[in-house]
Amino acid sequence: MARHLITSAIPYINGIKHLGNLVGSQLPADLYARYLRGRDNEVMFICATDEHGTPAELAAAKAGKPIAVYCAEMHEVQAEIARNFGLSFDHFGRSSSERNHVLTQHFAGKLDENGYIAEVEERQVYSIDDGRFLPDRYIEGTCPNCGYDKARGDQCENCTKQLDPTDLIEPRSAISGSTNLEVRATKHLYLRQRSLKDRIAAWIDSKTDWPILTTSIARKWLNDGDGLQDRGITRDLDWGIPVKKGDKPWPGMEGKVFYVWFDAPIEYIAATAEGADKRGEPDSAWRRWWRLDEGAEDVTYTQFMGKDNVPFHTLSFPATIIGSGEPWKLVDYIKSFNYLTYDGGQFSTSQGRGVFMDQALSILPADYWRWWLLSHAPESGDSEFTWDNFQQSVNKDLADVLGNFVSRITKFCRSKFGETIPQGGSYGPEEEALIQALTTRIRAYEGFMDHVEVRKSAAELRAIWVLGNEYLQSAAPWSTFKTDPDKAAMQVRLGLNLIRLYAVLSAPFIPFAADAMLAAMQTENRDWPDDVRAALEALPAGHAFTVPEVLFAKISDESRDEWQDRFKGIRG
C-alpha cells in the first residue's frame, strides 16, 4: 500500500471563498485524494484556514468582532461549506492553533541557529491617521508592473508580481483610505533565501515531472531581475504567532508576530498534528508523514494551489525546510492552476465578484459544480465560467449521458424483471467488445488520474459513461426481450453492474451521485475494477436493487437566465 500526503493551499479566513478558489486548490486535491483512496492507498489529506495577517484583521474589523471570535466563527463556516461540497479532508485545521505556534517558532529558531536569519532595520510605511505601521496587505495602490489600481503591498493579484509596499504608485491605507503616509524605521527578521538559492535551484531542477506552469513561475522568481531575494518574515501586528526563538524570547522582537506567509505553510505540518491530537493519537502518528527519520521516506507528497501561491511553495517554504537542517519531508509534486474567470472578468474575494461557494450550494447540489469545475479546470490556461457553458455541460454530461443511462436500465429492468437482477443468457461478441473498450478506457483514466491531469481524466470518465449508453442503444434489450428474454436478462444484468462500476469510477468527481448509485444498487462494494470482467459480475442474479430518483435534473433556460442575472454584480 503506497502512502500519499496531499495538501491544499489553505484559504484565507476573510470570508467565504468563490468557485475560482475552490477549483484552484481544494477541489482537485479532493479529487486526487478520493481516487487514491479508491485504489487502496493510505492517504493523509490536509487543509486548514489561514487565520493570520491583514485579511483577518480587516475582515474582523469590518464585521465588528474581536479577531479571535471572528476567526473561530469563520473557520466553522468554511468547514461546513467544505463538508457540503464533499471535500474529504482527513483534518481541516487552523493556522492559529497552538501546534502551529510551537512549530513556527521552532523553525524560526532552527533557521537562526543555522545562520539563515538576519535582523534588518528597514523603513516601513506608517499611517499617521491610523496611528500604526501598515503591513504589506494594509496598503493598496497601483501596480508598477501592470497598472492594476487595487494591487496590495505584498503582491498584485492581477499579474502575480511580488511587491514591496514602497513599490506601489499612489499608495493608500486599506484601513482608512488615507494617503497621509510616511516611512519610518523599524526592525524585522529576514529569511536569508539568497544563501539557499543554489540548493533550492538544484531541488527545483530535479523535479523534471512538474507541470510547466509550476516550474516556469518558480524559475522566474528564482532567476529574473535580481533573482531570489531575502524575505521579511515578521510584521508589526497584534494578531499572529509571537516572534520567539524556539521556546525562548527573541530580544528586540517584542510585540511583533511572524509574517503570515512564513507560518501558513508550516500549518500543513501543524494541521496533521492537530488531526492526530483530535483522534487521540501519539506524536508518532503525524511525524511518520513528515519526518524522513521517523517513517516518511516512503511518502509521496503532492501540493495543490493556484499559480499565485507557487512562489511561496517553491521558494520560501522549501527554504524554511532546507534551512532548518532537519529531515522534514519536502514536496514531491506541485500541481498548480491558472485562473478561473467569471463572465469576462476575474473572480475576486476582495471585490465580491463571481459565484461563492455558499451561493452555489443554495441553487444546485455540489456534484453539479464539482463536475463542471473539474472538467473545465484551468490547467494549461485560464478557464472561463459562463452560465451557458455550465448549463450545456451539466445537461449533456450529467443528465443526458450518465443520468439517462441509470434511469433507462433500472426502469426497464423493473418493468420486465422486477427489482432484482435477472438471470439467464451469456455474453456474446457485443459484450466482449464492450469489456475490451471499457478496459482500455479505464486504464487510460487511471493513467490520467495518476498524473493529476484533471481535464483529461474527466473527458475519459465521460467517454466511459458514453460506452454504456452506446451499448444500451445497440443491444436494445427492450427489443431483444420480445424474442430472447434470456439474452435481454444478460444485457440488463450487465447494465446494472455498469451502474456500480460507474459509481466507483465517478466517486472522485461526483461523490454524492456515486453514493446514490451504490444505494440504488443496494451494495457497499466499492472495489476498483482492476479486472473489468469480474467487476461486471460483482452483483449476481437475484441481487435486489431500487430505481433511484433522477440523478441529475436538467438546468432550464429560465433558471440559467435567472442565475446569470442574480450573479452579474458583486456580492454585498
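Heads up, the Cβ atoms here are built off N, Cα and C, so glycines get one too.
The motif ''HIGH' region' annotation in Swiss-Prot falls on one of the ranges 11-21, 308-318, 407-417, namely 11-21. For the motif ''KMSKS' region' (346-350), same-chain residues at least 6 beyond its ends with a Cβ under 8 Å from one of its own Cβ atoms are 12, 14-15, 17-21, 150, 157-158, 339-340, 385. Of the recorded residues, C146 (Zn(2+) binding site) and T349 (ATP binding site) place their C-alpha atoms 20 Å from one another. The Zn(2+) site, placed at the center of the C-beta atoms of C143, C146, C156, C159, has further neighbours from the same chain whose C-beta lies within 8 angstroms: P144, N145, G147, Y148, A151, N158, T160, K161. Ranking the binding-site residues C143, C156 by how many other Cβ atoms lie within 10 angstroms of each Cβ puts C143 at the bottom. Closest in space to T349 (ATP binding site), of the binding-site residues given as C143, C156, C159, is C156, taking the CA atom of each residue.
Spatially close to C159 (Zn(2+) binding site) yet at least six residues away along the chain are C143, N145, C146, Y148, judged by Cβ distances under 8 angstroms. Confidence in the motif ''KMSKS' region' (346-350), given as mean pLDDT, stands at 78.
Cβ contacts within 10 Å of C146 (Zn(2+) binding site), excluding its own Cβ and spanning all protein chains shown: 12.
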